[in-house]
Each structure stands twice: as C-alpha cells, then as structure tokens.
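Presented below is the structure to which this report refers.
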Amino acid sequence: LPEPPRRTWRCGKEEDGGPESALEKSPFQLTAADVYDISSVVGRDLLQLHAGPQLPAARARLQFRIVRVLEMLEALVSESSVAEEQLRRERDSLRRELEQLRAAARGSPSLGPDQMVIDLTDPNRPRFTLQELRDVLQERNQLKAQLLVVLKPHKSEQRKMGETMKSQGNRIKKPNSLFFCTVLSTFP
C-alpha cells in the first residue's frame with residue numbers, strides 16, 4: 001500500500017513532501033527528526049520490496065535513497081575529521097603556549113602581593129625609597145631654618161647701613177665696595 005505524503009510541522013513551519021524532504025537537505029543541516037524521517041522512508045521502501053509488480057521501481061528508489069544516505073554520512077565524517085584535526089592543532093598550539101608560559105614563570109622570581117618588578121631602563125621609574133625622600137625633606141627644612149637664623153642679623157645690618165646712607169644723603173652716590181665687602185666679611 002503506498003503511503004500518502006505526510007505534512008510535518010517543524011519550527012512552526014509546515015513542510016511539504018513529508019519525510020522524503022530530509023533526503024534533499026544538506027547533511028550539515030540535518031536534525032535528529034530528519035534522521036528519523038530518513039529511517040522511516042528507507043524502512044517503508046524495504047517493506048515494498050516484497051510486492052511483485054512494483055519490485056523494480058521500489059528497488060531503484062531504495063538504491064537511490066541508500067546511496068544518498070551514504071553520501072550524507074561520508075560528508076559528515078569528512079567534516080568531523082576536518083573539525084577534529086583543527087581541534088587537535090589548536091590543542092597542540094595551546095599546549096606549546098602553556099609550556100612557554102610555565103618556562104617563563106620558572107625563570108622569573110615569584111613576587112608577593114606587595115611587591116612589584118621595576119624596569120631599570122625606564123626613565124620614570126622610582127629611584128628613591130620613601131624613607132630617603134623623608135630624610136632629604138627633613139634635611140632641606142633644617143638647612144632653611146639655619147639660613148633664616150644666619151640671614152636675620154645680616155638683614156638688620158643692611159637696614160642700619162641703608163639708614164646711614166640715607167642720613168649721609170647725596171654725598172655718597174654708591175656704596176663703597178671696599179666698605180661693603182668688609183661689612184659682609186664680618187658676619188660668619
């Protein structure tokens with residue numbers, strides 16, 4: 001008994017042609033439902049082989065469908081072997097990269113959480129410790145204080161000298177450099 005063509009629903013769409021349409025698809029677009037449809041078609045054709053007058057036509061259909069299924073399997077196997085080879089190459093590449101990283105990690109010192117590596121050729125690298133900077137700032141402040149202590153008597157002496165020059169008025173146009181040097185040399 002010939003079976004009428006079925007209509008199937010997949011992904012919300014109606015497909016005409018029934019299970020035979022699965023044989024027309026690309027092997028890479030097949031779903032599990034398509035495999036069951038192909039199995040159904042081949043099984044139906046095997047059952048029709050027992051009928052007498054339809055035997056040559058059924059045999060030809062079955063032969064075509066079996067050849068098509070074998071072509072699909074061949075395409076899937078070759079595609080999977082290509083994908084497997086790509087995965088193997090990628091795995092080998094990742095293993096080599098991992099070994100390189102491990103070798104580099106063995107060669108470099110292990111740093112703690114509060115440590116860092118400084119590039120000695122970097123012109124912007126830190127050059128002094130925090131304690132050294134504090135010491136320099138403290139020394140600078142001490143030197144400033146000493147300078148102020150030394151300059152205080154010198155300023156009062158300059159003020160006195162300026163008052164003396166004003167009292168002399170126009171007689172002295174410019175200070176006597178010998179006198180000025182002598183006054184400055186008296187202060188330590």
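Backbone N, Cα and C define each Cβ position, glycine as well.
What TrEMBL lists as region 'Disordered' is 1-25. Residues or ranges marked as compositional bias 'Basic and acidic residues' in TrEMBL: 1-16. Taken from TrEMBL, the feature domain 'RH1' applies to 18-104. What TrEMBL lists as coiled coil is 77-104. Feature annotation from TrEMBL assigns domain 'RH2' to 125-188.
DSSP states for the domain 'RH1' (18-104), grouped as helix (H, G, I), strand (E, B) and coil, give 77 helix, 0 strand, 10 coil. Same-chain residues lying 6+ beyond the ends of the coiled coil (77-104) with a Cβ under 8 Å from its Cβ atoms: 27-28.
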